Each structure stands twice: as C-alpha cells, then as structure tokens.
Amino acid sequence: MDQFIKQDETGDLIETGMNVANHFLSAPIQGTNSLSKATIIPGVAPVLIGNPEQKNIQYPTASHQGSKSKGRGSGAKPIIVSSSEGGTGGTQIPEPLFAQTGQGGVVTTVYQDPTIQPTGSYRSVELAKIGKERMINRFVEKPRTSTPVTEFKRGAGNGSPRPDNPRGGHRREWSLSWVQGEVRVFEWCNPICSPITAAARFHSCKCGNCPAKCDQCERDYGPP
C-alpha cells in the first residue's frame, strides 16, 4: 500500500477538512448539550453550567454590533472591532459595490481571462493573484491636464491628518472587493484636505480651495 499522499489528493483532503470545520463552526451551539451534568462533581455545577446553560450562544446581529458582552462565556467569540474613525467626519459609503452612477463614484469589474481557470483548493488564491496583477495594470497613473493632485505618502510629514495644499485638489480613492470570482472596484474622489480613512467615505472640502469636480471625477456623475 502506498503510504505517500499524492499532490492532487492533498487539495481534496484540505478542502474536506475545511468543509468539516465550517460545518461545525456555522452550527449553533446548544446550551443543554454543551456539558454533561452527570459527569460534574456536586457543588461545582452552578459555576460550570451557569452561563452556557442559561441560553444558546448567539452571535450579535447588526443592531448589537459594538456592544460588550457581560461575563465570560464558552465557545468561540466573534471579533468586534471598535470604530476608531468616529471623529473623521464624512459620509460612509454603505455598500460601494452597488453604488449607481450619479452618486459620485463609478463601479468597474476586473474580469478574469476565460482561458485561465484554476481548480482545486487554491482556486481562489490563484484568481486573487490574477486579479491583483490586472488591478496593478488597471490603475496606472495618467498625466493630468487640469487640477493638481498632491502626492501622498502614508506616514510621511509631521503626522498631520490633512496634507498641506494651498491650491486645493482631489485625491482618487478605491475600494476593492472579491465577489463571486471577480474583482469589483469602486472608485471616487475626495478633497485632498480630507483625512485618509480605512472605510470608504465621501468627504467635503474643509480648506475652501478644493474644486467641486476635477478631470478625474467628472465621469463619476454621468452626462451633464
């Protein structure tokens, strides 16, 4: 009997293992089955089963995000990231992928080469590499003919959240997402006096020198 695992079998084993893990992680945890009361030493049952047996472990919904859990529970806990951009202002873009023309941005799709169809457990990884290469070639800076844009380097300067630009201008921003095997890109313009944020946001000019539109974002608003 051959005891060595072939390369094509490795992907199937990994995929099977991930499917099993996802099955158990997605299944709700029943509190009544989480502990066996018959095996617990008398006297310590209230401590061990007090929290898990009160109710099933529930993941927070959208209305409960940001709330802190009281006490300690068992099992996996969702990671809740507290917002650190509360004071940055601007209007957050709720779902950039479904933005329509006229909202100040444009959605494009980086289609994959139909002749390249990776298979197996690493299919998404290979497709992501292809999408990355196409995005790099897609967003090549072109010579600008009108509104100047200040070059921005994260971490440079005196740490001011707003780069100095007495003439005003716009900064092009992108939100990249991987959706059903395709790379979708939402792009829009923000005034260069606005802060750089991790979330996709529309900002208004604070310095009074930035134009309402530039040569890059004129097409974002559709025909005049």
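Note that Cβ sites are derived from N, Cα and C of the backbone, with glycine treated the same way.
According to Swiss-Prot, HIS170, CYS214, CYS217 bind Zn(2+) 1; the candidate from CYS189, CYS205 that the record adds to this site is CYS189. Distance between Cα atoms for CYS189 (Zn(2+) 1 binding site) and CYS210 (Zn(2+) 2 binding site): 11 Å, as a whole number. Of the recorded residues, CYS205 (Zn(2+) 2 binding site) and CYS217 (Zn(2+) 1 binding site) place their C-alpha atoms 15 Å from one another. CYS189 (Zn(2+) 1 binding site) counts 25 other C-beta atoms within 10 Å of its own C-beta, drawing on all protein chains shown.
Here the Cβ of CYS214 (Zn(2+) 1 binding site) has 21 other Cβ atoms within 10 Å, regardless of which shown protein chain they belong to.
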